[in-house]
């Protein structure tokens, strides 16, 4: 959420930032709404002050035995008391209206983010590794998995409907191995603290990270009003909500391997075959909580941590700097890691690493206090995939396919597979 004080002082900057995101200017309407809020609040405070003053004057009038003045003051106090509930309700209503309007405004992009309307304007930042050179025809992951008898989409559809997958045998073990490898890497070498967070969260948590109120259609809600998490970013980031942290102990770095649940409401007709776009999938998430001065450097560090997963798996990928029109709602800058999938003859996103500034912290009221500073500041938050297990599995299956249809297990995963080096069709 953006600060209304900043908007009042930087109206042109806000409208320019919104234009870069392809949105209409909003500063004038927001400032007008804020002026109404301030006027209503001032009127309410004036009424409260006059009620309090008149109440004191009644005592003075009674002491002077001026019953006429005392009666007038009593009538005035009674009128003010009767009028105050409506004034308080109007103040609450306009405060909520402004808060709702602010909650729907996307974050402002950093100055070095490329300007563009959609993914076609994203910029290749670097390319790592090389595409595999084969003699055999590349196959898509679902063709390989079904041929091995270890990937079942029809069975999943009978149980749960479309966009679900059943993994069996050594493919199920391979996905588990990927998750264990990623957690060991991030906790053992990258300094992240492993967390097992709730998978169900309240409205406030979704609001804090920016999924609500604007993106409820992308989420699954339970009958008791809780939400299934679309990413572990939600519970991990909300671990610091309503807290004042010790600035000397920042950054905090958290990681979690969780199922994620998404309705894919806007994805009709896209990636309908296979497990690229699922209602339920597993993902390792990275979250950092930093001070205001360190978040840009932390963004580069987090991206490097996610890249290390792909490097150790021996996968070819590229890093994209997303343009203003393709960035997420809460991001100030985002790097996407796109892994090469031979079966699709395309790069596909496998990780997205974003720096959010104090955008989420304002929604969560998460602050820190520096050692030499008076008062508090909002923390800065960052999040990234470290990485999505299903897409990592797809990349391994397609890139490590052998001529005979078997899959070579990447060296780094062999210890997690009990020494198994090749996945073959079961007899």
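Any Cβ shown, glycine's included, is placed from N, Cα and C.
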One of 175, 285, 293, 298 listed by Swiss-Prot as binding L-serine at the site of 231, 232, 233, 385:
285
Please state whether DSSP places residue 385 (L-serine binding site) in a helix, a strand or coil.
strand
Alpha-carbon spacing, residue 349 (ATP binding site) to residue 385 (L-serine binding site), which is rounded to whole Å:
10
Using a 10 Å cut-off on CB atoms, tell me which of the binding-site residues 232, 350 is the least crowded.
350
What is the set of residues, excluding 231, 232, 233, 285, 385, whose C-beta falls within 8 angstroms of the centroid of the C-beta atoms at the L-serine site?
234, 236, 256, 258, 260, 283, 284, 286, 287, 383, 384
So of all those binding-site residues, 264, 350, 351, which one's Cα sits nearest to residue 233 (L-serine binding site)?
351
Entries of 231, 232, 285, 385 which, being binding-site residues, have CA atoms within 10 angstroms of residue 350 (ATP binding site):
385
Tertiary neighbours of residue 351 (ATP binding site) (same chain, Cβ under 8 Å, six or more apart):
306, 309, 336, 337, 384, 385, 386, 387, 388
